[in-house]
Amino acid sequence: MKFGKSVCIINVGGTKYAFPKDVIKDFPLRRVSRLHSCASEREVLEVCDDYDRERNEFFFDRHSEAFGFIMLYVKYGKLRFVPHMCELSFYNEMIYWGLESSHLEFCCQRRLDDRMSDSYTHFTEEHHETVKEIRTDESNGKRDSQWLERMRRTFEEPTSSLAAQILASVSVIFVIVSMVILCASTLPDWKTAESNIVEEHRIIEAVCIGWFTAECIVRFIVSRDKCEFVRRPLNIIDLLAITPYYISVTMTVLTGENSQLQRAGVTLRVLRMMRIFWVIKLARHFLGLQTLGLTLRRCYREMVMLLVFICVAMAIFGALAQLLEHGLDLESGNEEYASIPAACWWVIISMTTVGYGDMYPITVPGRVLGGLCVVSGIVLLALPITFIYHSFVQCYHELKFRSARYTRSLSAEFLN
């Protein structure tokens, strides 16, 4: 840097930092160190937002608190997130100043990875290039690409247009009808009527399967990445729900067995019941189910912790219950507590306050233990609930915000 004073002032969001020129040259932050190689004021303005020659002050319109934490990294070599600040926002500040995620402490790296995997607001350079290519194709008048993109949005994004909403409503109706048919087919009266009357429900079932198959094929054809489409959990569930019907039809054609003999097979009955997974298809169209899935994915550590709590309590209370109810008096003891696994069943229904009444303690020490078991279950189950609740509220607002923002962007694109 061939101009200004010997002391440089870095002004970030109103907070000033003074450094000698020699320190600026080897500064750990790349954006700051680039100031030393600037030969003109024009080059300086390409690095910072403004420059005051008289005071030799460089202005950066960035988050001052985030830069303060970054300066702590420069001083002490440890970089952590700013409390009550979005991880992605702080990560963007890091990128601006020339840092990478590897500079973060391990705990913060894990938080950033979880946040980036759950959020759709972070776009990589490859995604920006893809968006630019799509916009370039549309501006060049490639109608095939536009048609495929519209089809993809219609089938994948129910809020993208009126046609997508109608298609989603029809899909929901088919899911409900197929579930009603599946549940009703297990009723005894339904089976009796089925042997005497024309099996109209089989026609309805075939129509529903045909709709789901056609929908899945079209969504696969118009998808951008076929491998990614196959790996998505909802698409795997669709395949598992559709496949049993075609296996049943194939066996009918090959073996010549009637439907009654087929239903007698345990394997086919299991495959038939797998169609209950169609209910999960509703997650494509309902924000609440999407929020539930995202919450479970984010709170898997809390869920594992809850399971560990329950397992430890089951082992302790199960062993004590077996000892107090049966182990102390083998002749007249409570036979329902003859083993620890049997006592663990009593523990789990007591801790969850279900209480089926199929087994209960009869001795005074056993009843005291039962009271402690119930109270402990209430406390243990309540511990992770706060974290799960706050995560659920956060996920709901995030998904709602994304949906609203996406709808506004589509409206703006349509108007343009």
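Quick reminder: no glycine exception, Cβ is built from N, Cα and C everywhere.
Noted in TrEMBL for the protein shown:
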- 9-107: domain 'Potassium channel tetramerisation-type BTB' (DOMAIN)
- 162-182: transmembrane segment (TRANSMEM)
- 165-398: domain 'Ion transport' (DOMAIN)
- 202-222: transmembrane segment (TRANSMEM)
- 234-256: transmembrane segment (TRANSMEM)
- 276-296: transmembrane segment (TRANSMEM)
- 303-324: transmembrane segment (TRANSMEM)
- 336-356: transmembrane segment (TRANSMEM)
- 368-392: transmembrane segment (TRANSMEM)
I'd like to know if the transmembrane segment (162-182) touches the transmembrane segment (276-296) in this structure, counting it as a touch only when three or more C-beta pairs sit under 8 Å and are separated by 6 or more positions. yes
With the transmembrane segment (336-356) as the reference, which stretch in 202-222, 234-256, 303-324 has the largest tally of C-beta pairs below 8 Å? 303-324
Pairs 6 or more apart in sequence, C-beta under 8 angstroms, 3 or more of them: is that satisfied by the transmembrane segment (303-324) and the transmembrane segment (368-392)? yes
On the 0 to 100 pLDDT scale, where does the domain 'Potassium channel tetramerisation-type BTB' (9-107) sit on average? 85
